[in-house]
């Protein structure tokens with residue numbers, strides 16, 4: 001396309017018919033007549049002052065027909081449209097294996113120029129009327145004599161000159177003010193002919209339209225030199241004499257051009273202020289006005305923050321920041337946004353939509369999609385986790401199952417434990433489990449392979465948690481509070497009935513596998529493992545005088561609750577016990593932690609809930625009201641929920657200790673529950689109920705008429721419950737979303753997200769070196785110092801924790817179910833985080849795992865012969881010094 005295309009006039013082909021004996025029809029196609037180009041502006045024009053200068057005019061103003069005197073027709077096309085249409089006409093239509101061939105494709109098109117057509121017309125008139133040319137004005141530039149029989153070589157016709165020069169008379173009017181010549185096309189032959197011959201049709205009779213087109217550059221030049229008031233006067237004069245159709249056409253061009261998009265012109269602060277007055281439905285409609293409006297609305301964090309606050313969807317306590325950081329980390333990992341695409345919405349907009357859907361869909365969707373399928377035979381489901389695309393359940397039948405929430409298909413069965421699985425936690429593609437066989441196992445969820453087996457505990461591993469690196473406020477050795485990322489790499493914390501806790505490094509995908517002593521030999525006790533041989537073992541935390549029943553860990557802080565009626569606060573990095581929190585008069589069954597507020601809460605068999613300050617060890621509140629064991633606790637930014645054996649749940653304000661609501665509709669002990677900022681789901685006495693946490697009212701029953709509810713978890717649009725029906729265990733899955741709710745993002749319990757990388761290579765190397773140096777120094781101090789346990793008689797009775805009968809004080813059938821589920825408040829509920837697939841190393845399954853039972857029917861586990869249990873069921877296991885495989889000098 002040329003830089004300055006010229007407009008052209010396309011004459012319609014002329015048709016001449018001559019009848020002598022036969023009829024001959026001749027069609028003449030004329031080449032386009034180039035009109036004078038509009039001169040470019042002498043100086044660059046400001047688009048804001050001349051908005052129509054580069055505006056695209058409608059097609060009706062760029063191409064329109066003209067009819068000249070005598071019936072000749074032509075089409076006006078501006079330069080750009082003419083070239084574009086010419087390219088479209090010249091394009092070859094073809095497909096795979098075929099091509100449309102035009103007629104005379106290889107021959108150049110035969111077009112006659114206007115001057116040549118005028119010459120032909122004049123010659124035909126001279127030849128047919130050679131005796132009748134008196135009184136006819138000669139055609140300037142053409143040979144006036146009659147052409148000879150044999151055509152003589154003639155001179156080429158002069159071109160049509162439209163420039164401002166002294167040109168000879170032309171059949172076309174001059175655009176420079178010269179008076180147009182008289183008509184050169186007589187409409188009829190001269191009188192005196194008795195039988196006139198047919199005359200050739202004149203190709204063009206110039207009129208005012210053509211004169212105006214040729215004179216347009218000079219008119220524009222004159223108009224541009226006029227002062228603005230006179231320009232306005234001239235245009236208004238033209239408009240006053242224009243018909244309504246012309247005014248409408250001009251209005252269609254001027255209105256969008258003169259309109260101003262105020263959202264793109266105003267400063268962002270004013271835009272946010274203006275949009276803040278719109279409710280959410282109006283914002284949704286405004287975002288569909290244009291791409292620019294959508295980008296402005298979607299990417300405004302202030303707008304969506306204020307909207308979250310005005311609709312009571314802003315929960316605070318860094319929950320919104322955690323969501324935004326997790327979403328941004330996912331986008332970075334996925335390489336979003338893609339090049340040349342619209343900017344992605346701000347995380348606050350996604351958060352607003354997700355919380356809005358969570359608030360409304362669970363109430364308004366009275367018939368959510370539901371799927372029910374059997375699981376674990378007749379065994380009790382002890383732990384239940386829901387992750388993106390996976391349901392993970394553990395049972396006292398020694399197995400862990402992974403299901404699809406969409407189809408209910410058993411994806412894989414994780415077999416390997418020799419006892420019931422009582423603790424479960426997952427991160428990305430890694431699953432950690434603790435069992436009554438006293439081992440901790442690490443699983444690859446993508447392959448189903450057990451990659452690591454940790455030994456060391458001498459009794460049931462009753463609770464565990466995965467501690468992921470996160471930014472926390474930490475007081476360093478100089479007493480200065482700094483913001484640092486702790487721990488430097490993911491850790492595992494396990495609590496056992498052997499009165500102790502252990503801290504392990506979570507193996508990375510692809511790390512060297514490790515299996516503890518006796519892990520694959522049913523005749524060997526894995527509790528004889530020397531943890532000094534395990535490169536992943538970090539700390540052994542001792543101090544409790546009874547079984548550790550519950551734990552919660554974030555950053556550097558670990559909270560443990562024990563049957564010794566105390567709660568302990570530990571530094572997970574150094575192993576220091578910072579506080580021993582005394583106040584409960586009976587066993588502690590549940591603990592929760594909020595590191596942002598330095599709060600820890602504990603529930604006890606004495607019927608109270610205590611709120612502690614983790615930085616000072618002070619007890620802020622003693623929440624009384626329950627009349628029996630408080631076995632379950634849940635903590636969210638605005639609510640603390642406690643569930644007890646007295647068949648009630650209580651909703652508290654964790655900051656003030658005020659009782660908000662008492663949820664009383666169950667008739668038996670609460671066996672499981674989960675809550676967020678909108679609802680509470682609780683299971684007991686054969687029913688699963690949903691409550692409105694803000695007003696304390698019951699919303700609906702999700703399950704009725706069943707024997708018992710073992711576990712319940714929910715996240716976003718999904719809800720999963722494990723229950724017992726007619727001597728069989730089943731899983732129920734509800735989907736409260738619609739087909740267009742794909743961007744509904746769930747918020748995991750505790751605000752623990754699984755998006756950012758857990759490993760910072762540079763930082764990790766430095767910290768690992770420092771940590772290893774500290775461990776080596778500690779080993780040097782401890783070498784040669786035998787433990788107290790080594791002096792105890794090796795033949796003493798040992799507790800191996802085959803069952804979890806430590807709740808002997810509570811014998812009701814309902815509380816048998818509670819004893820299997822109460823740990824989840826501090827294990828799976830605090831640790832169930834959003835999980836996403838990560839790479840895993842290719843591993844070959846060992847021969848000892850090749851004989852895994854069919855996933856359809858769980859096989860009977862092979863139990864090893866274990867020593868008898870002492871009358872004190874939670875006394876620590878005593879190691880036999882003779883079994884140690886590593887000698888300390």
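Even glycines carry a Cβ here, placed using N, Cα and C.
Per TrEMBL, the features are as follows:
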COMPBIAS  168-189  compositional bias 'Pro residues'
COMPBIAS  190-203  compositional bias 'Low complexity'
COMPBIAS  737-746  compositional bias 'Acidic residues'
COMPBIAS  753-768  compositional bias 'Acidic residues'
COMPBIAS  795-808  compositional bias 'Acidic residues'
COMPBIAS  819-844  compositional bias 'Low complexity'
COMPBIAS  876-889  compositional bias 'Basic residues'
DOMAIN    260-307  domain 'F-box'
REGION    139-203  region 'Disordered'
REGION    737-770  region 'Disordered'
REGION    795-889  region 'Disordered'
REPEAT    414-453  repeat 'WD'
REPEAT    541-580  repeat 'WD'
REPEAT    581-622  repeat 'WD'
REPEAT    623-662  repeat 'WD'
REPEAT    663-701  repeat 'WD'
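DSSP assignment over the repeat 'WD' (414-453) gives 0 helix, 25 strand, 15 coil. The residues of the compositional bias 'Acidic residues' (737-746), classed with DSSP into helix (H, G, I), strand (E, B) and coil, number 0 helix, 0 strand, 10 coil.
Per-class residue totals from DSSP over the repeat 'WD' (663-701), listed helix then strand then coil: 0 helix, 22 strand, 17 coil. Residues 459, 462-465, 467, 470, 472, 474, 486-487, 491, 493, 495-503, 586-593, 595, 600, 602, 604, 610, 612, 614, 617, 750, 806, 822-823, 825-827, 830, 874 of the same chain, all 6+ positions outside the repeat 'WD' (541-580), place their C-beta atoms under 8 angstroms from a C-beta of that stretch. Across the residues of the repeat 'WD' (414-453), the predicted structure has a mean pLDDT of 95.
The list of residues near the compositional bias 'Acidic residues' (737-746) in space but at least 6 beyond its ends in sequence, with Cβ under 8 angstroms from a Cβ of it, reads 323, 327, 350-351, 353-354, 357-358, 361, 365, 715-718, 834.
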